[in-house]
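> Below you will find the structure I want to go over with you.
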Amino acid sequence: MDTSLHFPPHPLTQTHLKPKPRFTLQCSTSNNLVGFVDYNKGERQVSVHVPGFKKKDLPKHIRTRVQHDRFQKDWAVSELVSKILKLNQHEDVDDVVGLLNQWVGRFSRKNYPILIREISQTGSLEHSNQVFKWMKNQKNYCANNDIYNTMIRLYARHNQTDQARGLFFEMQKWRCKPDAETYNALISAHGRAGQWRWATNIMEDMLRAAVPPTRSTYNNLIHACGSSGNWKEALKVSKKMTENGVGPDLVTHNIVLSAFKTGSQYSKALSYFELMKGTKIRPDTTTLNIVIHCLGKLGHFEKANDIFHSMRKKRAQCDPDIVTFTSIVHLYSVAGQIENCKAVFDTMIAEGFKPNIISYNALLGAYASRGMDKEALSVFNDIKKNGFRPDVVSYTSLINAYGKSQQPEKALEVFNKMKKNKLKPNLVTYNAMIDAFGSNGFLPEAVNMVHEMETNGVQPNIVTISTLLACCGRYGQKVKIDSILAAADSRGIRLNTVAYNSAIGSYMNIGECDKSVALYKSMREKNVTPDSVTFNVLISGCSKMSKYTEALEYFDEMVDLNITMSSEVYSSVISVYSKQGQLLEAESLFSKMRMTHGGPDVVAYTAMLHAYSTAEKWEDAFAVFQEMEMKGVEPDLIACSALMRAFNRGNQPAKVLVVAEFMQDRNIPMNETIYYEMLSACSILQDWRKTVELVGLMEPSFNTMSIGLLNQLLHLIGKSGKTETMIKVFYKIVATGAEINNSTYSVLLKNLLAAQNWRKYLEVMEWMEDSGVAPSVDMYQSILAFAQSSGREYSVVIQDRVGIAPAKKNMPIRSQQISYLNPDLMNHSCESETGYTSVHRLDRIKMLSWMIDGPRVQRSDTDSCCWHCHGI
């Protein structure tokens, strides 16, 4: 038999190829295949050409009647369907009727089932309805089950259950007895609509009508129950199916697995899959896709990944499809492995799969979950470039990306653009906008968004309330927390465990421990079960407020309720024991944590490091750190800083520097706490070379460091006698724009004076006055005392320099600073020609001479002007 050839789209783009006409092949057989390839659009299609019963097949008297009528057309069924579809379905019905009345094939009733089947396969419900109505008005029409079954299935595809049920009763009026296919189609229609009880009733009617159910009947009913989340009922039907002697096939197993997945019974789905493998039925791609989804939900990422790789290596004898790749992208997104999401997505394209909107949304959601707004926007633009229209999920993910990247303004732009494109925001979209505003401190805008969603008919849910509560707690809005709880109560929103956790945590964050406790009691009174997060919030909150007894009471209550303790709870309780000095209890709890399935995490190890550091047991702290390494737990900067503190307290400064080298090798970032411990170690060791080397590490962060840490760095360098290096570091600090205060200059001056570098000392004092920082009295006294001990030669020079330095133009006199030296001299000022109050150069020299050698000029109590005014 001749068959048509169809080819995939050419790999080159339109820019490399000239447009080609549509290429069509057709062969002449009883079941003709017609195929076409459109190189310009990258489309291909193969269809069956159905001739139907034509004029030559009609009775002779009918053939003679239409033979010479030029308006009667001898069209094939496929040709007629093509002409009907070209008519606008919203135009006058007479156009379709007129076209059908020209068709010679209407005189053969055998053409009617064929015509209905062909036009329904196109999915055009309106055209099919028009043809069906025309058909019932023909004199030679005879109703049969094939026609009604086809129409019922078409209504089921369009989720029009009532119309499908109406045809079921109509066919019986036309004396057509429903068969198994009719019941199957009707059960499938109700299953699509989630009406599993209707589907069950139809099954019972089928049995009462003595129509034996087929395997497809049971499969449709199982699917109807499972797709509604009623997995228990689906299992009952499956059991009844086996009892009635109808064995399950692969489709049945897949439907049952899907029912477990829809009902969030992931563990049961995996158990059922293990039982399925014991049969002779081999799983297909659909089966493994469901298993991968369930493994991802349970957090078994490695097992899901193994199945995926086995599918790609053909070991499972079923190739991955677009659903498989999309599931793996989502799986890596949940695991936080964003780079792998992109790698899988690229692999999918490389293997010839064309991503759909769901695949793009999965990748977009992965980027959005980490606040990677640039990458998310790139995927969003790719959706439009590849001919897809971004849906509500696409816009919501982009809003979420901007919210997590602290760009609420851009999130609002996307939200407005979404509405402009006639897409209606759903509850998830509004919650994303509320989180974008609330998490960035825009609480009034977040509340306004709640009012807008209610105005548009979208009612807030418990996620909305939890988001608002968390935002209020983060920014200390006590009044708004009370208002949100009252609003939830007035709207009939019953707080669940997550919402209570958010509210309790919010009160704890603003120091309202009593309200947190009251809310917890309300939670228990309303029979809302607390979880490990609830107790962790209470324990850690009480610990921060130094209420250690209450914190341990909540821990005991948690143990009494047999609630599984999370690693966060272990870490919080260990921290409480540490702060109370109960090291033995902390060690006991840590040992118990070692025996749990997951074992201690980095937070728990860090808590124990803090405990040993507080107890000044550096050996035990180091042993815990080594255990981290052996268990494969990657230390972070907090763990390293705790170990450094333990070493410094245990007088082991050399080990602090070893930990610093470890951090550099592991590329662990350093913060102020790390640098402080390193500087302390260098000071204890008096390792001035290492101190100078430390400048290179700290220099990139000078602009963000506290002035106290920078002063400590300058002091250590100056203490080593390297005053030139100290001044260079000071230049670098100034260049970064750091705010230099009096304490920084004091560190410089003390070290310069210790090095007897009085010239630089005086220069730094000039810098102080130039920068608007007033030198203190101690600074003047220190340099003058040094002048007295340096001999007459230096004393005169220093007096002259100190006298000149403060006489800078535009420098206001600071009487509070110099009145301590000589109140009679200094509590006077006079206006200069420039209009600024200043101390005359001669006055300062006389004053300093008085301080060094004693008063040389006797003034009477009646003197009211300075020496300069007296002409001295």
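Using the three backbone atoms N, Cα and C, a Cβ is placed for every residue, glycine included.
These figures come from a predicted structure and were not determined experimentally.
TrEMBL feature annotations, pasted as is:
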type   : residues : note
DOMAIN : 524-682  : domain 'PROP1-like PPR'
REPEAT : 144-178  : repeat 'PPR'
REPEAT : 179-213  : repeat 'PPR'
REPEAT : 214-248  : repeat 'PPR'
REPEAT : 284-318  : repeat 'PPR'
REPEAT : 356-390  : repeat 'PPR'
REPEAT : 391-425  : repeat 'PPR'
REPEAT : 426-460  : repeat 'PPR'
REPEAT : 496-530  : repeat 'PPR'
REPEAT : 531-565  : repeat 'PPR'
REPEAT : 566-600  : repeat 'PPR'
REPEAT : 601-635  : repeat 'PPR'
REPEAT : 741-775  : repeat 'PPR'
> Any residues 6+ beyond the ends of the repeat 'PPR' (144-178) with a Cβ under 8 Å from its own?
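Tertiary neighbours of the repeat 'PPR' (144-178) are 112-113, 116-117, 120, 123, 125, 128, 132, 135, 185-186, 188-190, 192-193, 195, 198, 209, 211.
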> In terms of Cβ proximity under 8 Å, which residues at least six beyond the ends of the repeat 'PPR' (356-390) contact it?
322, 325-326, 329-330, 332-333, 336, 338, 341-342, 345, 348, 397-398, 400-407, 410, 421
> Based on DSSP, tally up the residues of the repeat 'PPR' (391-425) by helix, strand and coil.
26 helix, 0 strand, 9 coil
> In the same chain, who gets a Cβ under 8 Å from the repeat 'PPR' (214-248) while lying at least 6 residues past its ends?
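Distal contacts: 180, 183-184, 187-188, 190-192, 194-196, 199-200, 203, 206, 255-256, 258-260, 262-263, 265, 268.
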> Taking the repeat 'PPR' (356-390) alone, what is its mean pLDDT?
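PLDDT averaged over the stretch: 94.
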> Give the residue counts of the repeat 'PPR' (601-635) per reduced DSSP state, in the order helix, strand, coil.
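Going by DSSP assignments, the repeat 'PPR' (601-635) contains 27 helix, 0 strand, 8 coil.
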